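S.K.: Got these off Swiss-Prot a minute ago, pasting:
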- 306: ATP binding site (BINDING)
- 54-62: motif ''HIGH' region' (MOTIF)
- 303-307: motif ''KMSKS' region' (MOTIF)
């Protein structure tokens, strides 16, 4: 088990009062637990649980469960004024059989002989000190949870089954075998009904997890009898890790054995939630409170799968953005299916810093609805980001900067007094921006030559910028750009009005600027970009475009 220190809580009357009214989803979920114990009073310890299937490396969805559950746990601590102990158990189903060889492992053929073996008995294909596939993947999960400083207890199904921690409930499952079958059989097709058993023996001969019908279930002896793979009739005790449960009964058994009060799971489990609950109750437990979240999708709109390795990995996100941005993406709209791919990173980074800058100015009731309060467990840091991530990406694109020093040259001129030393958050973003640009923006950059109308517009813009002194504010530059566009019929938008009452400016004008000057379809406010990049530098860029040196 791995355990870390819980974040400290400073309770104030303002915080307590705001929490009682807070509408953010972690508070709504925490109130379910209060309601659960409204009649009996709260227990000494409330148990939160998340599950992990180590058939593949942990992905962001796996991390998201722990992050979101931790947010609910923190909200619960505030609502109870931290008078009730809490535990978060991260449970790995590492006794499950390997149903197929994952796509994203080295030397797949070497794992073929281990199909249907418990994941904790499959050799580790990645090298290093971990003895099994599951031990490696469990370590990868813990490593990442540790980098975030989560307070959690890691639990292994293999250890819990083999150490006897589930024995009492497993013996109860033998006693109540018929009741469990009454829940399970109606959920199965006719063919499966004939052979289904909630018990999966682990063959004493081959070590494989067996999906075989039961010949006898002996409640008194606590044993099951079945035919092993070679046809020999075999009797095993259900205790000591010789037998495990099918995954649906296993879910409910775990809740009963551990006394779980709250567990969230993906929408793919929603139809089975009633089954898990019923099994838990049959085995003498009380079903926990649930929270069902929508699944993350890859760039093609497909469900992200650990074994396929599609979508984006934890390490990949963290190569291009700070960890807090990942926590924000998990906090936002958990009941909405969202695409989880590289192109969501810049927007999420900028949203995080926008929320962070707003926090200090907010009343308590608004603070508790601000994602950064939940991400940082009520103690968000102070950070001032004078340049957005999106703007920095455009700066890298226009300047072809390969080193942080070049970018800092532009930033220091634009925001005097800001240095890498006194703004480490911004310095980190500079590194992220260069890496993100090189890996995702640069390969897709595509400049196009301007047509005659666009050439005239660019010439007019060049002349207009020439009238502005160096160091002109971004808003003034933006207005000057709009003045140029308003005079050109193609870019007049008659559904909008200019300050003078004439037509407004179509977004197609700014799209043209980005396509011709930056080689991208869109970008942040162009006036802000010019202020950061420099008026003279932007004019030089326009001249290059007009001379055909970009496209």
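Backbone N, Cα and C define each Cβ position, glycine as well.
Small disclaimer: the values here were computed from a predicted structure and weren't measured.
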S.K.: Are there residues at least six beyond either end of the motif ''HIGH' region' (54-62) with Cβ under 8 Å to its Cβ atoms? List them, or say none.
M.R.: 92-94, 96, 98-99, 102, 104, 119, 133-134, 137-138, 140-141, 144, 266, 295-296, 304-309, 311-314, 317, 326, 329-330, 340
S.K.: Per DSSP, what is the helix/strand/coil residue tally across the motif ''HIGH' region' (54-62)?
M.R.: 3 helix, 1 strand, 5 coil
S.K.: Looking at the motif ''KMSKS' region' (303-307) alone, can you tell me the average pLDDT?
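M.R.: Per the prediction, mean pLDDT sits at 65 for the motif ''KMSKS' region' (303-307).
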